[in-house]
Amino acid sequence: MDLGDNELTLTPIPGKSGKAYMGSYPDGKRIFVKMNTSPILPGLAREQIAPQLLWSRRLADGRDMCAQEWLTGKILTPYDMNRKQIVNILTRLHRSRPLMTQLSRLGYAMETPVDLLQSWQETAPDALRKNHFISEVMADLRQTIPGFREDHATIVHGDVRHSNWIETDSGLIYLVDWDSVRLTDRMFDVAHMLCHYISEHQWKEWLTYYGYKYNQTVLSKLYWYGQLSYLSQISKYYMNQDLENVNREIHGLRHFRDKYGKRR
């Protein structure tokens, strides 16, 4: 894909829904290019949460194109996800009033737990919504809606799986792919982290370091949002036709419910 602009050539990056590219110039310089990404990228870069934004422009076909610095490093693995740097980045994100204000001005609405369930129901593929096990999970979630205070809502990333974290060769860690950003309870991100990557015996330390109290109220909310995080991943993998990870997430959700369901 050649834009004919400053001789920038775009090469699609596999696995990014056709919206991400490696941009290259004749002199060998490389950049990361994303189509129709979140307009809050400059703010995220200022907070050192996301890579630096180099430029953005509107294409003739109406799409927005943003360029970020090309990072030399690696994508984190599940075994990397217990680092304190990651907790610090999430804390910085969730406590950022400027980013939350910017999202509000862009028209993002506050989402309650009920809204989150409704959003999943409206966007999930029919095959998932009709699945007996998933229908059972959704019914349980509707019966156990956690408390929610709008004045405690924060900006959340919405998809903190390990493949959305990048560590540079210099040791900096960035959170990328902001297509799922929303305004809701910070537990949306926290529960995904804990139920997918952090051993139960480390939950108290992790939550305390983040800033939570470790009590039954928090654990009940963790159980609710943890299930929602599995449903979210199942839906995303299914829509990308990644059935191996769909099955892995369903297995994880079954195990999570079997292990923690009686402790609510």
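Every residue number used here counts from 1 along the chain in the order it is shown.
Using N, Cα and C of the backbone, Cβ positions are placed for all residues, glycine too.
Residues or ranges marked as active site, proton acceptor by Swiss-Prot: Asp159. What Swiss-Prot records for Phe32, Trp70, Gly73 is ATP binding site, and it gives similarity to another entry as the kind of evidence. If you look up Swiss-Prot, you'll see 157-164 marked as motif 'Brenner's motif [HXDhX3N]'. Summarising the annotation, Swiss-Prot assigns motif 'APH' to 173-196 and lists a curator's inference as the type of evidence.
Here the binding-site residues are Phe32, Trp70, and the one with the most other Cβ atoms within 10 Å of its Cβ is Phe32. For the motif 'APH' (173-196), the residues of the chain that approach it from at least six positions outside its boundaries are 16, 37-38, 40-41, 44, 49-51, 71, 76, 78, 81, 83, 85-86, 89-90, 93-94, 100, 103-104, 108-113, 115-116, 146, 148, 152-161, 164-167, 203, 206-207, 210, 212, 221-222, 224-226, 228-230, 232-233, 252, 256, judged by C-beta separation under 8 angstroms. Cα separation, Trp70 (ATP binding site) to Asp159 (active site, proton acceptor), rounded: 21 Å.
Take the mean position of the Cβ atoms of Phe32, Trp70, Gly73, the recorded ATP site; other residues of that chain with a Cβ within 8 Å of it are Arg30, Pro51, Gln68, Glu69, Leu71, Thr72, Ile166, Thr168. Long-range Cβ contacts of Gly73 (ATP binding site) within its own chain (separation 6+, distance under 8 Å): Ile166, Glu167, Thr168, Asp169.
Confidence across the motif 'APH' (173-196), taken as the mean pLDDT and rounded to a whole number, stands at 96. Here the Cα atom of Asp159 (active site, proton acceptor) is found 20 Å from that of Phe32 (ATP binding site). For Asp159 (active site, proton acceptor), the Cβ neighbour count at a 10 Å cut-off comes to 20, with all displayed protein chains included. Taken residue by residue, the motif 'Brenner's motif [HXDhX3N]' (157-164) breaks down under DSSP into 3 helix, 0 strand, 5 coil.
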